[in-house]
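In what follows, a structure is listed as structure tokens, so that the remarks can point back to it.
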Amino acid sequence: MTTLTHLQRLEAESIQIMREVVAETDNPVMLYSVGKDSAVMLHLARKAFAPGPPPFPLLHVDTRWKFRAMYAFRDQVARETGMELLVHINPEGIEKDINPFTHGSAIHTDVMKTEGLKQALDQYGFDAAFGGARRDEEKSRAKERIFSFRTAQHRWDPKNQRPELWKLYNTRRHKGESIRVFPLSNWTELDIWQYIYLQDIPIVPLYYAAERPVVERDGTLIMVDDERMPLEPGEVPMMRKVRFRTLGCYPLTGAIESEADTLPAIIQEMLLTRTSERQGRVIDHDSAASMEKKKAEGYF
Amino acid sequence: MISENIESYLKEHEHKGLLRFITCGSVDDGKSTLIGRLLFESKLLFEDQLAAIEADSKKYGTQGSEMDFALLVDGLAAEREQGITIDVAYRFFSTDKRKFIVADTPGHEQYTRNMVTGASTADAAILMVDARYGILTQTRRHSFLMSLIGIRHLVVAINKMDLVDYARERFEAIVEEYREFARQLGLTDITFIPMSALKGDNVIEHGHHMPWYHGPTLMAYLETVAVDDQRHQQAPFRLPVQWVNRPDLDFRGFAGHIASGRVRPGDAIRVQPSGKASTVSRIYTFDGDLDEAVAGQSVTLLLDDEIDISRGDVISGADSPAQTADQFETTLVWMHEQPLLPGRPYQMKLGTQTVTATVSDIKYQINVNTLEHAAAKQLELNGIAVCTLSLSRPVAFDPYREVPDTGGFILIDRMTHNTVGAGMLHFALRRSQNIHRQPVDVDKPARALAKGQKPAVLWFTGLSGAGKSTIANLVEKKLHAGGRHTYLLDGDNVRHGLNRDLGFTNADRVENIRRVGEVARLMVDAGLIVLTAFISPFRSERQMASDLVEADEFLEIFIDTPLDVAEDRDPKGLYRKARRGELKNFTGIDSAYEAPEAPDLHIRTTEMSSDEAAETIIELLRERRLID
């Protein structure tokens, strides 16, 4: 009798989901956000389709405000996997110079991420897009399906989602409809870290603690990643040993003070520090925009 | 250990197993409190979440100053008000021994669909019973659904023991009543735990209120109960092929999730439904080849032979291959507002196979509350029925009880693409049962070559008395004289033997032609030139017969005699009988004849003699190069 570990079972499930999508859709794509969940998702995709590379491109919907280390890491990953990397930046965002400082996190996210994603999916005609979201991230995601259907206008209709039984996924879609597929649905944050540790998966160095220039705003430590960051009167960047639990646009992502500079130390800190990971994201605090509402609008 | 030695903690957690379970119960029986407590006790709640709950507990909580665990999981109430369909919410927690995935289904009116969905991936179920009320209708309903979906391990959590003074007699009375009921359902592995989810008795720790209870706590049970993967490893090997991996000409792998059993390089396998055999040469994974793979793993198999395998095929251990069939007895759960209509074609997804399926007969519907059987003409949302299912082609399968992944299926509406039903295959019906398609070395071309001819079907259609048999008989005589191997299937003769159980209703006419079509196919396979002389009044059945053989092997010959002429000839006196009403469903009188729209040959018997007609047909055979 062979007892599969929880990570082996999760891995097998994710691989089964990805193969199903490749077998039953015409033009799939993997949304690659450069974060740790994307790293695990990409690693699983390579396992699913080896010895060849995964038979779909990576799509990065860029906001122009990611950490510089993320861009460097992204380009390196594309080179090493031999996969095609598509980068899309909403041209309207460039034209109007949308940024989180002038426009606030809500508009920035809406224009650069939500609209940008829709544009890219339309432009390339993708009918399925893998995303790295997990059910444990937030209460409202607990009921999210693994295969989530979007109308031709990218709207999520919560009243019209399909029941998922056994390992059977109904991938039939009408012309113009697309599917968002979440192969990491049943993974938790701890599973992700443990898997990265066991499989030795490369991640962006920002997850590890290091001396970095930060300023403190509204109780959140924001890293001064480049010269575009406007400093308020009296604000002086200070060097602190910090790391990031999640990665997004640098002005919208809070750092935590930490000594954790190895994977075991990160996991240890995660298990002992009892603050859930999304708290580092400024987006969740934006009161007008609940996750549910964003999802209905097409935010991933 | 986390703070002192994280490496050894990680080492230990690397070997944790995974258990998926479902909780069944309704709003008031403490289900949310129980799940909330399990999440809380597993210490995977974060301070910000706890702070939010503490604040909520003061605001909305029902437990006074104590923390209301139910608020942890009751994110669903608000959504329900917004009219959002919540079928199943999945929650996660883990202990040192296992990671747990809990399927939580709200106990409102959609319970059947939701519970079946949640239970389909569960290894175990916790059934909540309020100690004050004992076994209720909903307890029976939930138990039936668990037995239907084949949950092997059931915990009956007799909750709210604090409200019955932790009375042992109360607990034992409920146990006895439940056992009696469970016997009818065939549920065997049942564990009863007296509990107070609110106070924590027998959830994680035994507590001191029920010293008379010596069984496991709920957590101890969940950490040790057997998971289904282990049972599935003992079943025969099955790998439904998901995707054929061909990155280059040197690599041809068959990727899939192992549904049951185990496999090693060197194992003999059989591919269903084709029946072809080969041997496993490698079990390929990204991390290197494996010496063995088991149920629950996603792998890529390489075989010794270059045999044709595609998505939808099932690779089986050669000693006990999957069955193939196209007709089944199934239990069907209907999941959509649009009712199930027998006779309507749906897409069926079974493992990685997708075929067209029709419910030919609803045998009976099951009342989930009383378990009584009732006749039904259609099936509404949340209805459960035992049905006969017919497929467009044979598929590889196992009975659901033996291998759920090759016996559980969904039905998809062909127009809306919604998932409208889910079902479980029980067994194959009639002819298709236990028939493995035997690959043979002497094939159709070989047999035809031995006879020096091209096989074909000459399908004569026309009204009764049109002259089909007469002309077909003349054609056969000419072919026979030319040394051809032929056979004439005649309507009257077949009805005396093969089809003597059939009458003349539309359904029987359809079956009559279906059988003749199958026999003609076998004879074509044997290399014969087959002549069939049947009224065969419906276009769709002639099409069906045509579809059974290659396009160039089927000739539709319309023997066109106007009704008044045929009735005038009336060689068997049948029209006279029909006109007197002694013969029902007579073609041309009270049953329709659908004339061919584009026959290969249109013989108007009012314009030529039978001999001329036979000669015209022979001429056509020469034209089509079926004979010299």
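Cβ from N, Cα, C; glycine included.
Curation does not apply to TrEMBL; its annotations are automatic.
The domain 'Tr-type G' feature in TrEMBL is assigned to B:16-231.
DSSP assigns B:Thr105 (GTP binding site) to coil, not to a helix or a strand. Per TrEMBL, the feature GTP binding site maps to B:25-32, B:104-108, B:159-162.
Around B:Ser469 (ATP binding site), taking its Cβ as the centre, 20 other Cβ atoms fall within 10 Å, counting all chains. As annotated by TrEMBL, ATP binding site applies to B:Gly462, B:Leu463, B:Ser464, B:Gly465, B:Ala466, B:Gly467, B:Lys468, B:Ser469.
Feature annotation from TrEMBL assigns active site, phosphoserine intermediate to B:Ser536. In the three-state DSSP assignment, the secondary structure recorded for B:Ser536 (active site, phosphoserine intermediate) is coil. Around the Cβ of B:Ser536 (active site, phosphoserine intermediate), a 10 Å sphere holds 26 further Cβ atoms from the protein chains shown.
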Can you tell me how far the Cα of B:Ser464 (ATP binding site) sits from the Cα of B:Gly25 (GTP binding site), in Å?
65
Among the recorded positions B:Gly25, B:Lys31, B:Thr105, B:Met161, B:Ser536, report those whose Cα falls within 10 Å of that of B:Leu463 (ATP binding site); none is a fine answer.
B:Ser536
Please list, in sequence order, the residues in the chain of B:Gly465 (ATP binding site) that are at least six apart in sequence and whose C-beta is under 8 Å away from its C-beta.
B:Thr561, B:Ala566, B:Glu567, B:Arg569, B:Asp570, B:Pro571, B:Lys572, B:Leu574, B:Tyr575
Would you mind listing, in sequence order, any of the binding-site residues B:Gly25, B:Lys31, B:Met161, B:Gly462, B:Ser464, B:Gly465 that have a CB less than 8 A from a CB of chain A?
none
Helix, strand or coil at B:Ser464 (ATP binding site), per DSSP?
coil
Neighbour count, 10 Å Cβ-Cβ cut-off, for B:Met161 (GTP binding site): what number do you get?
28
B:Met161 (GTP binding site) to B:Ala466 (ATP binding site): how many Å between their Cα atoms?
83
Other than B:Gly462, B:Leu463, B:Ser464, B:Gly465, B:Ala466, B:Gly467, B:Lys468, B:Ser469, which residues of the chain come within 8 Å of the ATP site, judged by Cβ distance to the Cβ centroid of those residues?
B:Ala533, B:Ile535, B:Ile559, B:Thr561, B:Ala566
Which state, by DSSP, holds B:Gly25 (GTP binding site): helix, strand or coil?
coil
Can you check which residue among the binding-site residues B:Lys31, B:Lys468 has the largest number of Cβ atoms within 10 Å of its own?
B:Lys468
